[in-house]
């Protein structure tokens, strides 16, 4: 078995090396074209020099559309190292009837001519047809023989391995193929190119990527976290999930082979990132705080709402179960949108809510009943757990607000001052459940009329009694009312307005869930 594996590896290295030497073509420059040159502020056409790391290969690419037989070029230019472009001297699209045609190749100006040549069909040349070149029979022969030999060795080795493993139970949990990827608007749209890692989390990492002329976010899950990927896809695919304050879903895909699979979730990209990242680097004004808090509450209220009779079906109530500032993203105008539904529960009539295991989420944001393991497994109980965490996120906003007449604290996570950055479950139980502590509301916040009302609202969100917490809809109304009242306060009538504020009828304190 060991000798066979070594032989296979040696032959594989030889064949790969010979193939690379024979087929590799250095790309220094490519034909450049941009149909949207005025909007992108680039040249319309020209020659583009290709730059990149010395150990990376460079390619040319072309994208175009076929509109009723008329060829419209979208873009041409340089393309970064892509295994799908290796050793292609001609720029040919082989996919069957894509919406956007895409091809890539190696060699200077190789994208000057491009064509559409679907497999099993007759070539449909574009306005710039490629002149076919004579086949390289010798290269094919030298490449195929070692490949066939490798395939035979691998098949034999695999058969011996399986025969040997049948007698022994597996020690590790086997990697499972998630099956065919779900229907996705991205299947057939190229190119999608990963650019840089923006964040890492419990279930994978988030990349900034480029899809044709726009940036998108790609969340990549390892196969071990298939359940989280599947759950997030299912939640995004529910009827009525398109909302201004819920992260826009674009598609889901499976990438890689059956042995090495990554699961991709593609969403809108927001340059400002998460609320947590934003607050680390910025303070907020009172109006900015109100806008972020109100749009955040709107998103959660919509998520919690059960909405029958939509055009595309019935939207069930959904509990997020991992509300935190890292899972709230900010658009350029500071409008908030809720993200990350890997742990979410949907409450559909006549169906199980799925895995309702109580102690999930991020420890420092866990409600007292979650830390105690004393959850009532009903819909309203899960929605109230979200509201406790929302109270902590509002505290994070308040701690970085400049409205009050006092110093603005350095950004800290909830309970970081009391427990530190890496609390254990026992630490959280001691502070939250037994001592019933909450993050500190500064005394000088009470001197600002709006901040004083916000502090009262925060306390009603994180109330130890779950049934006394505000609902998300009530929270949104409170914040709207706070902003309206504080906006009319002036230097001349501040005493009058403060008197009015004390007589305002707030929405009921009890949860309306």
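Glycine is treated like the rest: Cβ placed from N, Cα and C.
For the residues 66, 333, the entry in Swiss-Prot flags N-linked glycosylation site at a single position: 66. Feature annotation (Swiss-Prot): of 84-109, 110-135, 136-161, the stretch labelled transmembrane segment is 136-161. In the predicted model, the topological domain 'Extracellular' (20-135) has a mean pLDDT of 78. Among the recorded positions 60, 85, 103, 104, 105, 322, the ones whose Cα is located within 10 Å of the Cα of residue 50 (disulfide bond) are 60. Under the three-state DSSP scheme, residue 110 (disulfide bond) falls in the helix class. When the recorded positions 30, 85, 322 are screened for a C-alpha within 10 angstroms of the C-alpha of residue 110 (disulfide bond), the residues that qualify, in sequence order, are 30.
With the fewest other C-beta atoms within 10 Å around its C-beta, 78 stands out among the disulfide-bonded residues 60, 78, 91.
Annotation note: residue 85 (disulfide bond) sits in a helical segment as assigned by DSSP.
Each of the disulfide-bonded residues 85, 104, 105 was scored by the number of other CB atoms within 10 A of its CB, and the lowest score belongs to 85.
Candidates 30, 60, 104, 322 (recorded positions) were compared with residue 91 (disulfide bond); those inside 10 Å Cα-Cα are 60, 104.
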